[in-house]
Structures are given as structure tokens and as C-alpha cells.
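**Student:** Mind looking over this structure? Questions follow.
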Amino acid sequence: MICAISGEVPDEPVVSKKSGLLFERRLVERYIEDHGKCPVTKEELTMDDIVAVKTNKVVKPRQLQAASIPGLLGMFQNEWDAIMLSSFALEQQLHTARQELSHALYQHDAACRVIARLKKERDEARALLAQAERQIPALMAGAAPTAVVSNGKRAFEDEVGPDGKKIRPGINPVMIDELTECNTMLSAHRKKRQVPPTLASIDAIERYTQISSHPLHKTNKPGILSMDIHPSKDIIATGGIDTNAVLFDRPSGQILCTLTGHSKKITSLKFVPRDELFVTGSADKTVKIWQGSEEGNYNCIHTLKDHTAEVEAVTVHATQKYFVTASKDNTWCFYDIPSGSCLTQVGESSGQEGYTSASFHPDGLILGTGTTEAVVKIWDVKTQSNVAKFEGHVGPVTAMSFSENGYFLATAALDGVKLWDLRKLRNFRTISPYDSDTPTNSVEFDFSGSYLAVGGSDTRVYQVANVKLEWNLVKTLPDLSGTGKVTNVKFGTDAKYIAVGSMDRNLRIFGLPGEDDQMDDAKPSEE
């Protein structure tokens, strides 16, 4: 009896009722299970059509070679040889696969390097093209040549006049007309502006608490010295003692990029949203202009070395085409952003007095600067002349902020915050939130001009009133860093949150818990 499938004597024979064919039970069961047919006749077949055959147990004869000891040894020798040949073939295949993998990895690495280089060249070309496009209108209008070469170095940078000073092209009449036109437009628009209905209410601010804390800077060099918020993208930039600038996306709670390049602490930084630019000033006496890319990274396109001492402040003009830097060398520089050229440098280099803060008036024709000698100076940008001085502070003027209504200026120093009426050029109120040994490090109006934030040993928010009415304290936010020194305070859009930097490495966000669903992914508050 032979199985119709295997052609061998079955161990467990069965017979098909339909065809009468003999099968090995395990083989025919598997075939019926897969196909439902007889493997030989192809007729429909089920296990009910299979009948077991009772037979005596079959003892299969031993192979002829296994019938003697020499035969067994020969079988073992053949099997050993086959195993050795198979092992040798596998080793050869493994060696070949390793070579192919190594070659593929080398090609992949080379391709990645080429792609990275091409991306870098593409970004540089785009930046140069955008810069050239911005320079063409100015040149057509008779703007002074900037003679820019690579890395922000200017051809006339080394040219020195008879008096030993560097030659500057100056602010030409075309630029003055542009500044005046911007001032006229913003002033007219400001008179019609109303407080936005989405502005955070006083009741909401009274309930503000810390909702997140983000370690952005190095542990071994903690301290956030400067901060700015992108007006449309809700990105917070911080500059620290660790020489780095960090761009942080508040909604997602993620660090977008870390800008390195300065050799000392970053004292001031500002966004230039129009062209996705970013400006940083440092204690290493330099200013850097960074160009944003589509990938979210920023590359340094200009390094400016016009100051001889620490750069303490950077402020951007309303046109977003110019910015001013103020330094402890007792000068401030007016820069053209597209070219990175210093158009004029105002002041005399001095080792006794220097500038510690600076800010443009919202309309752009007035510049305010604070000095180490506790004096606030007001400048006419068109003529670069000092038109007013405010005295009365104690200690360096560490921060200043113009109200969006254009009438008030808030300045901070060791003795607290002074509020100045720009219409009558006088101090109409002094806020002294701390003791005489605790300086006020930060002061900031929100964009609507409804609130004033003050930073010192804690953060305090005041409701803005007028010259006659009292400016009431709305909320006091404790300093949770443990350092007792709040260095920066910024309002978010519509004052929906307040960003606070201190002398530790963490950026802290204060607001209403649970109001912004986008904050769910952010890091929870520190204990």
C-alpha cells in the first residue's frame, strides 16, 4: 500500500470513499483543509469522505548504508562535509553582505554631506538675493552706497576722517522722508485706535499664575538677560549669560533653535518680523544680524563691530528697515538693516558715562536712551540731536518703554520706575515697588498701553491710568527662580500671558491655567 501523494508507505493510512485512493492521513488532511478537493481527482472532498484503514504496524527497513559500522561512518562523514560546505557558503555570503552594506552607508553619508552643503549654499544665495532686492530701491532713490562685502564687513569701515573718526554715510534726505512718512501714518492711526475687545481683563490678570517653566539655557551659566516676543508667531527669544540666544515656540513648548556665535553674554535682542530677521547685541562689543530660513533656522549674515564697549540695548524702528544700538562706550549707532551698515554714530566715546538702555518711540522720530549716570536722554532721530534730558533717577537706567499712546515713557533704575509725560517733559509719577537695595531691572507697557509690568525681586502688573489718576497695582507674581532677581518681563498678545526671565536658566510663563489648549504640551511648572 502506497500513499497517492508521497509515494511512500503511510504510517496512518486512510481511503477516500469517492475515489478509493489511499493516502497518508496528515497529508490529505492538510490538502483538504487548504483546497477542499481530492489531490488526485480534483473532486470535492471533505474529511467525512475519508475512512481510516486498520493495518498492522509497519516496521520500515533500515537503509543499506546504516546496516554496518563503515556505512554509518560514511554517512556521518558525508553529513559533516555538507555542513562544512554550507557553513563556508554562508560565511562568503555574510562577507559580501557586509561589503555591500559598508559601501551603501558610505554613499549615504556622502549624499547627506552634499545635500547639507547644497542647502547651505541655497540659503546663502536666497539671503544675498533678498538683500540685493532690498538695496536696489534705495540705490535708485539716491541712497548712499553701503559697499558691503561678505560677513558684514564694509569697504569704508576702515576709512578715517581728519579728526580720526570713522567716516559714516549719514541719514540721507530720502531716509528722512521715509521716517517722516511713517511717523505721520502711525500718528494718524494711533488716534483712531481702540482697546481691542480680546485684551485680557483685570479680573483675568488677578488670577494669573505660573502655567509652565522651560529650561532654555545652560546650567553652568544660568541667567536670562534679554527677551523679545515675535508679534505674529508667538515665538519667544531669550538671550543669556551663556552667550546663546534661544528661540522658543510657546504654543508647542519646543525649542526651535539655539543661536551661537557671541563670545560673551547677550544683553539685548529684537525680532524684525518683516524679513524674518533677528538682531542680537552682546557684551563682546558686537551686534549680529540673523536671517531666518524656511526650515526655521537662523544664519548670521552680518557681524557689526562699531562699538568699543559692551552693547547694552537694541531697538528696531517702526519701518523695520533700521535699528539702533546703544553701548557703554557712550555712543549709539543707527543701522540700515538690509545692508548691515552703520549710517551714523552719535556721541563721544567715554570711559565715564555710557548707555544702558534704549527704545524707539512708537512713531519712530524720537529715540530714548538711559545712561549709567541716571539720566534719560531724548533724541530727534532726523537730526540726531539731544532735545530733552530727564533727571531724577538713582543708579543706571536699566530699562525703558514708551506707551503705545505715544504720551508716556516709563524708565527703571535702582530707585524704581518713573513715569514721564512727553507732552510737558516732566515726571508725573514714581513707582517704588522695592527697597533701596533692590533695583528695578525691567519695565514694559503692553501693546494696547493698558498695563505696565515691572520686574525686580518679583513681577508686578499695574493698570495704566492718566497723569492725574493713580496707577493701581493689579497683580504681584512671585519670583519662583529662587534668585530674587527678575531680569525681563514681556506681555504676550492681548496680555493673555506674561513671559518672565530671571537669573536662573528657566523661562516662565504666567497666565490662566487651562485657558490655552496649546499649552498642554508645554513643560509643567517647577515645584
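Glycine is treated like the rest: Cβ placed from N, Cα and C.
Those TrEMBL annotations? Automatic predictions, nothing curated.
For reference, TrEMBL lists these features for the protein:
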type: DOMAIN; residues: 1-70; note: domain 'U-box'
type: REPEAT; residues: 259-291; note: repeat 'WD'
type: REPEAT; residues: 304-345; note: repeat 'WD'
type: REPEAT; residues: 348-389; note: repeat 'WD'
type: REPEAT; residues: 390-430; note: repeat 'WD'
**Student:** What residues elsewhere in the chain lie close to the repeat 'WD' (348-389), defined as a C-beta under 8 angstroms and at least 6 residues from its ends?
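**Tutor:** Sequence-remote neighbours of the repeat 'WD' (348-389) are 171, 176, 179-180, 182-183, 186-187, 190, 308-310, 312-319, 324-332, 334, 395-402, 404, 406, 409, 411, 413, 420, 422, 425.
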**Student:** Based on DSSP, tally up the residues of the repeat 'WD' (259-291) by helix, strand and coil.
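**Tutor:** Counting residues per DSSP class in the repeat 'WD' (259-291), I get 3 helix, 19 strand, 11 coil.
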**Student:** What are the DSSP helix, strand and coil residue counts for the domain 'U-box' (1-70)?
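**Tutor:** DSSP classes over the domain 'U-box' (1-70) add up to 19 helix, 12 strand, 39 coil.
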